[in-house]
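Feature annotations, courtesy of TrEMBL:
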type	residues	note
DOMAIN	44-149	domain 'Thiamine pyrophosphate enzyme N-terminal TPP-binding'
DOMAIN	241-359	domain 'Thiamine pyrophosphate enzyme central'
DOMAIN	451-576	domain 'Thiamine pyrophosphate enzyme TPP-binding'
BINDING	D482, N509, G511	Mg(2+) binding site
Amino acid sequence: MDSTIGSQLQTCKPSNGMLGNPAQNGATILDSNAPPSVVVADATLGRHLARRLVEIGVKDVFSVPGDFNLTLLDHLIAEPGLKNIGCCNELNAGYAADGYARSRGVGACVVTFTVGGLSIINAIAGAYSENLPVICIVGGPNTNDYGTNRILHHTIGLSDFSQELRCFQTVTCYQAVVNNLEDAHEQIDRAISTSLKESKPVYISISCNLPAIPHPTFTREPIPFSLSPRSSNKMGLEAAVEAAATFLNKAVKPVIIGGPKLRVAKACEAFVELADACGYPIGVMPSAKGLVPEHHSRFIGTYWGAVSTSFCAEIVESADAYLFVGPIFNDYSSVGYSLLVKKEKAIVVQPDRVVIANGPAFGCVLMKDFLQALAKKVNRNPTAFENYQRIFIPDGVPNKSEPKEPLRVNIMFQHVQKMLSSSTAVIAETGDSWFNCQKLKLPEGCGYEFQMQYGSIGWSVGATLGYAQSLPDKRVISCIGDGSFQVTAQDVSTMLRCEQKSIIFLINNGGYTIEVEIHDGPYNVIKNWDYTGLVEAIHNGEGNCWTKKVRNEEELIEAIGTATGEKKDCLCFIEVIVHKDDTSKELLEWGSRVCAANSRPPNPQ
């Protein structure tokens, strides 16, 4: 089988041979090569779940074993198409499933009841905020313990076992508690299909004594899902396109900006189709970097208010019409609510809704359909891009380092830029790496991921593990701050076990720099570690690992040369030591504005 639904859910990324199979009626059908019947002894819940995961495109499951999920794990690892990736803790298992889903279209993780579930829930909340289909599977209590008033271990000491379920209800789009075999087949299939359709995580709890029991509902191979595609209301679509085209065609210097919801709407190709047709300059919101092709001839950079790419904000904010496609306007992306855009000039396109200026609004209109139809109606207008070309001045370069001068962050990222190609991907950790990586120019085919909406520090370690596991042919370059790394460092161990070859740049500046720029205090200073020494200890002579500590540009150049040459098949960990106050100018500006937003006094009562 050379294709799965995996990337049907995520067509905004470069093709990696995992696209879904469209049926003639437009529905998405999942192939299954196995014979239609199963030996009765193998007709178990555990085997059914394993086959379903393989069928939807999951080849790797990230897990932490616990007594309630051990039998289930036995059945998952018995499935030839499924590999179990044992993680050091549940939080990283969740982050790994998040990173895996970003490239493959769907991810899965397995933990134990309550102690595992409540440990992984932070990662699941992040996946929910980023619209990622993650199947979170929890090994639950024995069926005989439900309703008995018994108190179980791994709980808070109450006989009510629903605490974990209640916690997951707000961060998943569907919850299934499987504690009998009669409806297990239905519950599992409904949970998985809902995750795929909604592009959100789901929660599946499976009682620990059920996975190995045969049942008649599992006596044949799972019939492939056929997920009917959603469609736009035809009249609503026509009206929305007509109104938008009229609005844009009257404008003198319109612009188009891509947002993060392009991913969930599967509308990246449609966005490019419209951009090609309209002639407008193309910007991207910070959380959508990697979803819009930066090699496009009219790409003008990141629109992020006061910390935008040079000359991008000037063009966007001086436009008389802006088409925002899939935006999220939160306090971070709006730089403390300081964007200089006006609602009456904006068309906002969400995955299933279009709002034009202060009205009208059109529901049941899918983003992909709208963009493709608008491309045929809008007049070509390159005026704003011509204005951009007139004012544009190429980026300056950092001051050249003196021999053995302490390394500066801007020098480091100048060299990271040279490493990027279609065979690499960048993972940017929450912190100043957001801003430095945002300035990288991505060549065609280069992946890029970061978690802006949720912004959980430490996310990148697990995400690097999951992303690299899903795309073994890409070399992942992760930029991680020292404070974030201290949260989740353990799963460098799992990267080694999986023989991954990522390059991790650990930026050691002695603390939580992003928080220093929002509001400084002694709590932002952390205990310094010997980070290369820690990774060497984790390596412990097992697997391929190379570490280097660098303090100046000469050492950095040598380290990068080794990592991309002699050690190209190793996991490479480069600790970059920089001054504690060495930050990007964008973080300085952004931090002061977010601080002002956070410090607003209460409105008068």
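Here the Cβ of each residue, glycine as well, is placed from N, Cα and C on the backbone.
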For the binding-site residues D482, N509, G511, the one whose C-beta sees the most other C-beta atoms within 10 angstroms: D482
Environment of D482, N509, G511, the listed Mg(2+) site - residues of the same chain whose CB lies within 8 A of the CB centroid: G481, G483, I507, N508, G510, Y512, T513, I526, K580
Would you mind splitting the domain 'Thiamine pyrophosphate enzyme N-terminal TPP-binding' (44-149) into helix, strand and coil residue counts from DSSP? 51 helix, 22 strand, 33 coil
